[in-house]
């Protein structure tokens, strides 16, 4: 039994897709366990970029199984579009498996997402308006429609009618909006279900059988720990659990079958949307990092907020997600800076704290306490060994590891697969 979970340790966009793609080379099954098409991940193969939102990164390996787990919420329209995109690019999808227990995002979820966000006014949480939150709301309220329901024409229509009756009351009476007619969406979405039917199965059986047979299984998280609904910067979070513990619920695999947790982070920090960000930069350095790092959302295209590396955030992520190994990405983005900073603690009302507060009011008053390190001017995008990094860059990498308290297994100096360098093989140490 060999299994590895890949989680983002910041607010998403840490390069999980790249690391998952890298680790997938030695895995036999790759599975996603939470989130939906609000999470974009970019894979670069031979200089060509592929952008995915639902399908696991392992789809580019035709000999491996890629799984959309039961903890995900699936927009069938987006999924069919993504499948068609892959087919047009010459990528086979015969190895895809979709959980029959995953919940379905429908047009009324997206409309409700939009209306709820608009109603918040200045208190918006920065949702991607993909219907993720409302779909998880229906799941928790036990009125959600699952993939298994979508495939049965009569059951799908019955449950769609029931849900539309409730949602339309909200649209018309609470939001003064237009009702959605069942005939406008039923046939379209039933047809999407028929197009994905060949991939649908009980994925928990596939995953557990693979682990019992000693196969290598890689679990791919979306978003990041700081967007986790329980452990993140609530309420500026997603509606699911990106932490490693989400694997057990979102894939149907017991916790005793998880061996290692790889935490993925950038050498700086970024965030899309609203919410606390203690190390955020508003100066020319921040603008430079954003441009050099191409910090624009894969899903939304929005400019990301950027800031210095925050070891307080990272230690929180390490603790709540049980991180055993670290993948440090985008070190090259910091090249050319005279000084680089790492947040080592916060100053809260004159008191030094080393943990991440739950209170948003306290977070607003937190001031980062920085440790400054000398920067480096060299182009490091061609570096393939740690010892070949400039001394100051090596010192930065080592200091990150010391402050987080986790050994670094890989470091990256660019977006391409061959720019990811191994310090310790995650698979061979199992």
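From the backbone N, Cα and C atoms, a Cβ is placed for every residue, glycine too.
According to Swiss-Prot:
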type	residues	note
ACT_SITE	13	active site, proton acceptor
ACT_SITE	41	active site, proton donor
BINDING	12-18, 40-42, 304, 330-332, 412-414	GTP binding site
BINDING	13, 40	Mg(2+) binding site
BINDING	13, 14, 15, 16, 38, 39, 40, 41, 128, 142, 223, 238, 302	IMP binding site
BINDING	298, 299, 300, 301, 302, 303, 304	substrate binding site
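Structure with Swiss-Prot features highlighted.
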residue : record                       : CB count, 10 Å
12      : GTP binding site             : 29
13      : active site, proton acceptor : 27
15      : GTP binding site             : 22
18      : GTP binding site             : 26
38      : IMP binding site             : 28
40      : Mg(2+) binding site          : 20
223     : IMP binding site             : 27
302     : IMP binding site             : 13
303     : substrate binding site       : 14
413     : GTP binding site             : 24
(message) These are the binding-site residues: 42, 128. Which one scores highest on other Cβ atoms within 10 Å?
(response) 128
(message) Going by Cα-Cα distance, which of the recorded positions (41, 128, 223) sits nearest to residue 12 (GTP binding site)?
(response) 223
(request) Work out how many Å separate residue 223 (IMP binding site) and residue 13 (active site, proton acceptor) at their Cα atoms, rounded off. (result) 7
(request) Let me know the DSSP-derived helix, strand or coil state of residue 18 (GTP binding site), please. (result) helix
(request) Tally every other Cβ atom lying within 10 Å of the Cβ atom of residue 301 (substrate binding site). (result) 8
(request) Tell me the Cβ neighbour count for residue 304 (substrate binding site), meaning other Cβ atoms within 10 Å of its Cβ, over all protein chains shown. (result) 20
(request) Could you measure the widest C-alpha to C-alpha distance across 13, 14, 15, 16, 38, 39, 40, 41, 128, 142, 223, 238, 302, the residues recorded as binding IMP, and give it to a whole number of angstrom? (result) 34
(request) Have a look at the recorded positions 18, 40, 41, 42, 413 and say which one has the shortest Cα distance to residue 302 (IMP binding site). (result) 40
(request) Can you tell me which recorded positions out of 13, 18, 128, 303, 304, 331 are within 10 A of residue 40 (Mg(2+) binding site) by Cα, answering none if there aren't any? (result) 13
